[in-house]
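Below is one structure, written out as structure tokens; the observations come after it.
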């Protein structure tokens with residue numbers, strides 16, 4: 001076998017091994033990226049190495065679509081404003097001033113008419129609102145009355161059941177059930193079923 005360390009004289013005196021040679025920097029970085037040396041791959045490194053990078057994210061796609069849609073609407077709005085402004089600016093200045101004065105006069109008359117309509121409209125709205133409020137109040141009162149009747153019936157039935165239960169559980173002094181109340185209960189149930197069937 002060849003001597004790897006040529007420092008000795010061949011009889012093995014100078015042939016000491018210094019251990020593993022240091023790794024190159026590139027190899028060291030590669031090992032660290034894959035989870036360190038000697039321990040194998042870490043779970044995170046394994047997942048990162050195996051995952052495909054298709055970058056499919058539905059939320060981001062939806063956000064982008066919405067952004068472009070909004071941008072399209074904004075552009076359309078700006079174009080329409082621009083066209084309206086061009087339509088007004090296309091008239092000669094003399095005609096524009098006369099038309100503006102006419103519009104001002106018509107506008108002041110229209111404002112007076114609108115104010116009267118608004119007053120009448122607000123009164124009619126108030127009447128409609130009051131009418132709706134009265135209807136709601138009436139419906140609420142009816143519901144409360146119906147709930148009160150149901151509550152009274154429930155309490156009456158509970159009291160009756162309580163009395164019957166107390167009678168059914170009565171015992172003699174020897175611990176036997178009192179048959180009087182049980183027989184009355186059976187008789188009432190038979191009479192109730194016979195009257196319902198006929």
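From the backbone N, Cα and C atoms, a Cβ is placed for every residue, glycine too.
Predicted, not measured: the structure shown is a model, and the values here were computed from it.
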Checking feature assignment: region 'Disordered' per TrEMBL, candidates 1-37, 38-74. Which range matches?
1-37
Residues of the compositional bias 'Basic and acidic residues' (128-170) by DSSP state, where helix covers H, G and I:
41 helix, 0 strand, 2 coil
